[in-house]
Amino acid sequence: MTSRSVGVCYYPEHWPEGVWPEDVRRMAEAGLRKVRIGEFVWSRCEPAPGRYDWGWLDRAIGVLADAGLEVVLGTPTATPPKWLVDRMPDMVALDGAGRPRRFGSRRHYCFSHEGYRAECRRIVEAMAGRYGRDPRITAWQTDNEYGCHDTAVSYSPAARHAFQEWCARRYRSPDALNRAWGNVFWSMEVRDFDEVELPNLTVTEPNPAHVLAFRRFSSDQVASFNREQTEVLRKRTDADLIHNYMGRETGFDHWDVGADLDVASWDSYPIGFLSDRLDLPAEHKRLYLRQGDPDMQAFHHDLYRSVGSAKDGRSPSDGRWWIMEQQPGPVNWAPHNPAPLPGMARLWAHEAFAHGAESVLYFRWRQAPFAQEQQHAGLLRPDSVAAPGLAEAAEVAGEVADEAPGTAPGQVALVFDYPSAWAWETQPQGADFEYLHLCLTFYRAARKLGLDLDVIPAGTADLSPWPLVLIPGLATVPDALRGAIAAHGARVLAGPRANAKTPEMAIPLPLPPDLPGLDCTVALVESLPPSADMPLAGGGALTRWREALEGGADVVEALRDGRPAAMAARTEGGGRLTYLGGWPDDAAALRIVRREAEAAGLAVRDLPEGVRTRRTPTHRVWLNYAAEARDTPAGRLPPAGVIREPITGSARRASDPEDDA
Amino acid sequence: MTSRSVGVCYYPEHWPEGVWPEDVRRMAEAGLRKVRIGEFVWSRCEPAPGRYDWGWLDRAIGVLADAGLEVVLGTPTATPPKWLVDRMPDMVALDGAGRPRRFGSRRHYCFSHEGYRAECRRIVEAMAGRYGRDPRITAWQTDNEYGCHDTAVSYSPAARHAFQEWCARRYRSPDALNRAWGNVFWSMEVRDFDEVELPNLTVTEPNPAHVLAFRRFSSDQVASFNREQTEVLRKRTDADLIHNYMGRETGFDHWDVGADLDVASWDSYPIGFLSDRLDLPAEHKRLYLRQGDPDMQAFHHDLYRSVGSAKDGRSPSDGRWWIMEQQPGPVNWAPHNPAPLPGMARLWAHEAFAHGAESVLYFRWRQAPFAQEQQHAGLLRPDSVAAPGLAEAAEVAGEVADEAPGTAPGQVALVFDYPSAWAWETQPQGADFEYLHLCLTFYRAARKLGLDLDVIPAGTADLSPWPLVLIPGLATVPDALRGAIAAHGARVLAGPRANAKTPEMAIPLPLPPDLPGLDCTVALVESLPPSADMPLAGGGALTRWREALEGGADVVEALRDGRPAAMAARTEGGGRLTYLGGWPDDAAALRIVRREAEAAGLAVRDLPEGVRTRRTPTHRVWLNYAAEARDTPAGRLPPAGVIREPITGSARRASDPEDDA
Amino acid sequence: MTSRSVGVCYYPEHWPEGVWPEDVRRMAEAGLRKVRIGEFVWSRCEPAPGRYDWGWLDRAIGVLADAGLEVVLGTPTATPPKWLVDRMPDMVALDGAGRPRRFGSRRHYCFSHEGYRAECRRIVEAMAGRYGRDPRITAWQTDNEYGCHDTAVSYSPAARHAFQEWCARRYRSPDALNRAWGNVFWSMEVRDFDEVELPNLTVTEPNPAHVLAFRRFSSDQVASFNREQTEVLRKRTDADLIHNYMGRETGFDHWDVGADLDVASWDSYPIGFLSDRLDLPAEHKRLYLRQGDPDMQAFHHDLYRSVGSAKDGRSPSDGRWWIMEQQPGPVNWAPHNPAPLPGMARLWAHEAFAHGAESVLYFRWRQAPFAQEQQHAGLLRPDSVAAPGLAEAAEVAGEVADEAPGTAPGQVALVFDYPSAWAWETQPQGADFEYLHLCLTFYRAARKLGLDLDVIPAGTADLSPWPLVLIPGLATVPDALRGAIAAHGARVLAGPRANAKTPEMAIPLPLPPDLPGLDCTVALVESLPPSADMPLAGGGALTRWREALEGGADVVEALRDGRPAAMAARTEGGGRLTYLGGWPDDAAALRIVRREAEAAGLAVRDLPEGVRTRRTPTHRVWLNYAAEARDTPAGRLPPAGVIREPITGSARRASDPEDDA
Ligand SMILES: [Zn+2]
Ligand SMILES: [Zn+2]
Ligand SMILES: [Zn+2]
């Protein structure tokens with residue numbers, strides 16, 4: 001593997017050819033190494049059915065490669081051209097209200113449409129046939145941002161047909177499906193798989209088992225759609241295959257897609273995401289208006305590093321991943337779009353590298369003065385003058401140029417699980433019970449304590465690398481994980497709602513959490529409106545969700561009125577398993593995770609508001625998300641400041657918690 | 001009539017037959033007497049077209065009856081099976097946006113579809129043929145929760161056709177319809193009844209007369225749908241016929257449906273309703289989070305007791321009614337679903353009995369671990385362990401076992417009228433003018449004063465039983481009621497918006513309120529945003545709605561600036577009629593109702609916050625909805641406490657207002 | 001031209017003929033002069049296809065004319081009758097979700113439907129043939145409230161076809177269209193005009209250039225629809241042709257429609273508009289609950305006076321305009337509908353006359369007791385008793401009877417531009433960036449300083465009449481205006497977002513604002529959430545929108561941190577051009593406009609809260625929108641008070657700023 005690199009997304013088709021050489025010269029001058037192109041070019045590569053035009057793309061690749069830049073080439077399947085849609089008008093998705101999601105922007109296809117899948121194989125084959133062995137192309141991106149704009153699900157006839165076949169494969173008989181879903185409940189039984197409908201437009205909520213099955217199916221369709229492309233590509237290229245995932249996208253299981261790819265990547269828009277995808281207090285949003293939430297990016301870095309380890313059986317600490325699109329300035333799509341604080345475009349990249357990113361590509365080179373994203377900043381302004389992001393990108397490029405990618409193994413593992421996201425979306429039981437938000441509550445607590453995390457899938461069978469394992473809201477605990485918990489020699493903190501559902505979205509017997517060695521039963525659950533937080537005796541409160549716990553295990557957290565809130569027991573492996581029967585507010589989460597971490601022998605810190613830290617094999621990186629300067633053990637950090645402190649024996653300060661390898 | 005009884009809803013089809021005997025043994029052990037079954041079993045009783053399977057149901061009834069339990073059997077028409085819907089796909093309702101409300105949950109039918117009506121007659125005939133004379137079946141429930149999930153209206157072609165026929169019957173000629181609706185207004189005139197559209201998808205609001213007619217029609221369709229079942233049943237059984245109404249459901253006129261049934265019943269979910277169906281201040285919702293609103297249940301008890309008197313011309317005090325489904329723990333369908341305060345499952349039942357309920361059935365026996373309601377508590381947990389509700393149900397069962405049902409006649413009558421609900425929904429004129437909320441404002445005031453109420457229909461022709469009659473927001477005052485007001489010898493408090501519309505949703509001449517003997521005219525109305533309450537000279541304020549009153553009647557309430565707010569006059573019968581020209585806030589409502597009650601010779605009380613009281617022929621029942629203990633004349637009430645104080649001469653305390661018979 | 005007149009809207013078809021004479025007598029008695037009739041009568045004039053019935057209308061006109069009233073006759077094309085819609089069911093518009101906007105209210109037609117256009121020409125021809133030369137008809141109104149109820153756009157097949165033809169005319173080749181819109185962006189390129197879709201139901205936002213083109217097209221369709229009527233009418237009548245525009249309606253370019261009409265008019269509902277169309281603070285809405293916003297009406301008066309100048313090349317100060325519908329009491333359509341403060345019905349009319357109105361017609365004569373608007377007040381109550389508005393209307397009629405219409409030329413010009421409204425609606429970039437709201441911010445500031453404004457179109461080529469010109473948010477600065485700015489000898493205040501887009505909705509090069517002689521570039525823009533206002537060093541703040549300015553021009557406003565917020569330079573004409581890089585809050589707007597006005601040599605005032613003033617050639621009119629009395633230089637104004645102070649040398653007070661002609 002080569003060293004860390006910085007890059008950019010480029011759209012040669014948007015500019016006159018005469019502009020390319022100067023663009024490319026400036027990219028190289030800024031120290032950029034990777035350039036992604038091509039992911040939306042179908043109408044230019046095949047302007048009419050079967051009439052290919054590769055000349056301009058040949059020339060663009062040539063200009064880039066001549067300047068020493070490595071090309072990442074996208075397959076253009078996220079934007080089928082008009083002539084293709086007109087040939088098969090039923091290829092578009094239908095939304096939940098039954099309306100077509102039509103041509104005119106992007107992602108206007110249904111993952112289940114066989115005709116469109118054939119067209120995708122054809123165009124990818126044509127592209128791969130031409131460029132697969134071209135050494136100038138060092139990686140391929142499949143499609144673009146699967147699931148974005150709520151496109152993982154479709155209620156089209158094609159989806160219905162594919163879902164019926166999926167059900168036939170999964171359940172084998174209509175009776176088995178009826179039993180699995182509990183269709184007897186409201187006479188919802190089917191006599192044949194072709195009676196299975198999609199779970200939309202029902203009078204009141206559809207059977208949650210039906211919905212969960214449909215979500216599983218929809219996820220599988222994304223994975224198989226991607227696989228059809230990787231199968232075509234693998235035969236024609238040895239370059240890395242990548243997809244660029246989105247932030248806060250839970251429409252499909254990313255590990256399933258990742259299993260067919262060499263590298264994971266994601267598109268990181270910290271300020272946009274803070275504005276439109278995080279359910280956090282207004283005051284928090286005000287504080288981080290121009291910086292983004294301090295933990296949102298890190299969480300996704302750790303998640304996609306794990307996704308990047310899916311293909312080759314690597315450790316989640318060691319997965320291969322990139323940022324394919326990094327916000328460089330104001331974006332165009334959030335409700336409000338403030339400009340980043342000076343320095344943030346650099347900070348965000350350094351945070352990514354600290355979490356192990358191989359490459360960080362800024363989106364995009366020059367701001368397009370036309371079409372949907374014309375208000376999205378680039379590294380250049382529309383008039384080709386450097387935008388603020390360019391200097392920051394160049395600065396990072398210089399700083400990381402000679403460094404090997406990598407990050408330190410996590411001290412804490414957080415189990416993240418897409419089916420759990422679907423389960424709680426299907427039946428939240430409380431209007432604000434949101435799985436990713438719950439996971440971020442625990443993630444944030446550990447980060448505020450200065451701990452390094454790995455995000456791991458629910459299928460993990462060995463927890464021994466992590467002194468502390470967090471398992472919030474895991475709907476179903478698979479057998480392998482169950483065994484790993486029992487065998488674990490350190491700390492496990494699970495709940496709320498752990499193991500609360502079978503894989504078919506039913507309440508299991510024995511009742512939850514049914515965790516190994518823990519005599520604890522959830523006798524009753526309740527969801528709470530915002531005004532009804534329940535204070536914990538030890539500080540903080542349960543919010544949104546509370547479970548009544550029974551059993552003989554040790555009570556380690558109690559409500560102020562004495563009722564148990566968490567119970568714990570020794571594991572077979574000699575560790576300790578704690579089950580928390582509620583959603584902790586930030587104060588409770590910090591207190592409880594601190595206690596667990598300390599019990600696990602981890603050194604914790606009290607980081608100032610907005611400061612975060614992450615270790616790599618060679619450095620401890622300090623990041624300041626605050627808009628004011630902050631003091632850290634490594635020195636004073638200006639707003640958006642980054643200190644990369646080498647990890648050496650002599651560099652350790654006495655006052656500082658020891659960095660445990 | 002037998003004594004008060006407690007029961008439960010049971011779904012034998014959800015459980016292996018081997019479980020039934022133990023379930024039934026425990027029901028009997030808990031003192032339960034009635035068990036409702038069967039209302040969703042169509043796919044099990046007729047798994048394929050024309051192929052009936054009654055064996056399992058025979059056995060289930062047998063097991064129940066062998067334990068001495070009385071069976072209430074439901075007709076399964078709320079959940080037509082898939083094969084039936086596939087045979088007549090146009091049987092589903094269309095929503096206002098024209099989208100089908102499809103198979104996959106329940107109530108997926110249009111009340112106007114003739115083909116589906118025929119299927120319903122057929123299945124009811126088959127069921128009644130088998131079980132109609134079976135003495136183990138002591139009552140029949142038709143369908144389930146008419147109108148629930150907004151199903152009283154449908155915009156399907158079947159509905160349109162039926163509406164056109166309904167219009168032809170009502171108006172006789174297109175010209176008469178045009179005149180009745182004022183269709184000249186925007187050239188909306190029709191030349192033939194087949195030109196009459198449904199009032200949806202119009203560019204701006206449709207003609208309110210058109211909407212009101214459509215609401216009347218929709219209500220009539222519910223009643224005639226139900227009547228088709230009762231006609232089939234009456235021929236084949238002598239058991240009581242019942243329907244289980246919902247809370248806060250105004251989609252159809254319940255007295256019309258009740259006229260064909262022996263007993264009214266309703267499904268009472270106090271905590272769920274507080275959360276999702278009451279427009280009350282957040283602080284009030286916080287105080288009663290785990291108890292439900294202190295007046296919501298009582299109002300519906302009094303309402304459905306009146307509905308239960310419709311068939312046999314009984315007094316509204318004396319109607320036959322049950323709770324068919326009583327919340328026993330957290331439900332699954334509100335935005336947030338907290339657990340009841342310990343004791344509430346008992347308190348709710350006692351309140352129902354105090355209001356005259358014959359039976360209270362808890363919903364449901366065992367929490368289903370599958371399908372839509374898996375998070376809805378039962379008397380048993382999914383693992384068959386007793387949930388908190390079971391002990392409370394058993395306690396109530398013991399307490400009421402030997403008591404005859406009944407309640408004391410109301411001291412105060414509140415006129416409630418479904419067409420008024422439709423009228424103000426159609427044209428609220430102020431965004432927050434909601435009829436049931438207005439009625440609850442007056443109901444609550446009287447309840448807080450310790451008064452017993454009857455809810456009576458607008459067609460009431462004799463008001464003499466009630467010293468005080470409240471008539472809020474009655475859109476049209478029928479002639480019979482008009483005569484009764486004139487003849488009344490005690491107090492009547494009417495308004496706002498009384499008599500403000502003709503039955504065809506026009507403004508009548510002379511202008512409202514045009515009440516007998518009252519020289520008072522509403523010269524102008526205005527609706528007010530929340531910040532614009534208008535203080536009354538006597539205390540409290542008008543809120544949401546204010547009318548300018550003119551005329552020679554006595555001014556008995558005035559705004560602070562002196563303009564009249566209420567006017568009054570002597571009735572022919574020697575009573576006094578007061579018209580209130582606005583929506584009183586809680587303080588004003590309490591003050592005004594107190595004055596009227598005292599003037600009517602009623603003894604009022606100052607009940608502590610959360611305490612309510614109701615008399616039966618034998619007891620005064622005290623209920624504490626507060627989460628803290630409260631002192632009452634009958635003693636100290638713990639949270640959720642109930643005191644049933646025998647009514648005897650000696651039991652009367654000197655300090656207490658006299659209980660007038 | 002005759003003198004100012006007051007009138008009323010009347011619906012003879014709503015009342016028995018026997019009522020007409022008394023109605024008309026009372027109109028005349030009240031001093032009313034103009035009566036509008038006929039705009040919704042299609043079903044009465046043509047009750048069946050081709051069967052006309054004019055008799056009743058002949059008689060109605062006769063009764064009105066006999067009393068000396070002038071008749072304004074409407075064409076009935078806003079309400080096609082049922083039989084017509086049934087003949088061409090595809091004539092209705094489709095909404096953005098693809099749903100038909102059906103018969104049952106009004107405006108149920110698509111402007112692009114050729115069949116309906118032919119029907120409109122036919123009915124207008126029939127009406128004009130009968131009444132065109134009738135001297136009793138002194139004016140004609142075309143259709144009614146174009147665009148109201150969001151009807152300017154339609155997504156029907158007819159609209160799609162017409163849009164494709166419009167595109168073919170505008171762009172000439174598909175390639176030109178692709179280039180103009182930047183369709184290469186997401187492979188959105190078309191190969192033929194029949195591939196052009198309407199920009200609805202896309203997966204994510206459609207191309208903003210596509211949307212803007214569609215909005216231009218939709219506006220053109222309104223204008224050509226109207227023109228088809230005026231072409232028919234011009235051949236058959238010499239009476240004035242008028243349309244009644246709505247308030248806050250930006251669905252089409254009113255100057256384009258105005259070019260075919262003799263007089264502009266609008267329908268003024270101050271209280272309704274305050275409630276449902278103004279994004280202003282709750283406290284402001286509370287203060288003006290019964291009066292309406294003090295500037296909303298004046299802005300529209302000035303706007304439509306300008307629109308009324310479009311046909312004959314008059315000055316915007318001198319356009320011909322009316323109020324066709326004036327709110328006389330509570331309306332029926334806002335979320336809340338309070339009654340006006342006594343005196344407001346008079347004040348509103350005086351304000352209109354002060355701004356140059358020729359006529360003010362109240363809507364409507366008698367409150368209709370039926371159909372959609374039955375809760376809309378009239379000058380009479382439904383029972384024919386005078387409502388409060390009648391006496392006020394009569395008072396105004398008396399006050400203005402002998403006066404010539406006219407207003408003083410504006411001291412300040414505000415450039416208003418419909419395509420800018422479309423551009424910022426298409427891509428606001430900040431959720432609350434609303435063009436008309438931005439314009440009102442500047443308009444209000446000038447009004448609060450006692451200044452008289454003209455509203456002028458962006459095509460204005462000579463700014464010399466106005467010492468101060470305000471140009472907020474003008475998306476594209478046309479060449480003529482650009483020249484006029486350069487040549488201007490006084491003050492111009494432009495921005496934010498001036499010249500930020502090309503006419504094809506792209507970012508222009510050189511970057512904005514690119515104003516003549518001003519070395520200032522917008523380097524970056526950002527939109528801000530409510531909590532993130534940026535204080536200005538001189539007082540007040542930027543809110544919602546902030547631009548980073550670069551260049552050598554003078555910095556005349558700075559943020560508190562020193563960054564430039566406004567820059568200025570001398571114009572060629574010797575004036576001074578200032579560019580403001582943000583949305584000023586009210587305090588900043590008042591301060592900045594005051595400075596500019598003073599620098600322009602205009603005398604400003606400090607008007608008390610709620611007081612406004614406007615000059616005519618003969619008077620200075622003082623208006624009190626406050627609910628309390630206010631002192632003015634002309635004396636004490638009661639709530640809703642009006643003082644009409646003659647402008648004479650002797651009347652000038654020394655303490656008062658001089659009225660500059
Ligand atoms: Zn992207
Ligand atoms: Zn129910
Ligand atoms: Zn109007």
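Residue positions begin at 1 at the first shown residue.
Note: Cβ is positioned from N, Cα and C throughout, glycine not excepted.
Over in TrEMBL, the protein carries these features:
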- C:Glu145: active site, proton donor (ACT_SITE)
- C:Glu325: active site, nucleophile (ACT_SITE)
- C:Arg106, C:Asn144, C:Trp333: substrate binding site (BINDING)
- C:Cys110: Zn(2+) binding site (BINDING)
- C:9-400: domain 'Glycoside hydrolase family 42 N-terminal' (DOMAIN)
- C:411-602: domain 'Beta-galactosidase trimerisation' (DOMAIN)
- C:633-661: region 'Disordered' (REGION)
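This view paints the features noted in TrEMBL onto the structure.
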residue  : record                    : Cβ contacts under 8 Å, 6 or more apart
C:Arg106 : substrate binding site    : C:Phe40, C:Ala78, C:Thr79, C:Asn144, C:His149
C:Cys110 : Zn(2+) binding site       : C:Met91, C:Val92, C:Ala93, C:Leu94, C:Tyr116, C:Ser154, C:Ser156, C:Ala158, C:Ala159
C:Glu145 : active site, proton donor : C:Ala78, C:Arg107, C:Asn244, C:Tyr245, C:Met246, C:Glu249, C:Asp267
C:Glu325 : active site, nucleophile  : C:Cys9, C:Asn244, C:Asp267, C:Ser268, C:Tyr269, C:Leu361, C:Tyr362, C:Phe363, C:Arg364
C:Trp333 : substrate binding site    : C:Gly272, C:Asp276, C:Glu373, C:His376
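Taken together, the residues in the domain 'Glycoside hydrolase family 42 N-terminal' (C:9-400) have a mean pLDDT of 97 on the 0 to 100 scale. When the recorded positions C:Arg106, C:Cys110, C:Glu325, C:Trp333 are checked against ligand 3, C:Glu325 have a Cβ within less than 6 Å of one of its atoms. In sequence order, the recorded positions near chain B, meaning those of C:Arg106, C:Cys110, C:Asn144, C:Glu145, C:Glu325 whose CB lies under 8 Å from a CB of that chain, are C:Arg106. C:Cys110 (Zn(2+) binding site) falls outside any helix or strand according to DSSP and counts as coil. When other Cβ atoms within 10 Å of the Cβ of C:Asn144 (substrate binding site) are tallied across all protein chains shown, the result is 24. Spanning the residues C:Arg106, C:Asn144, C:Trp333 that the record associates with binding substrate, the maximal Cα-Cα distance equals 17 Å.
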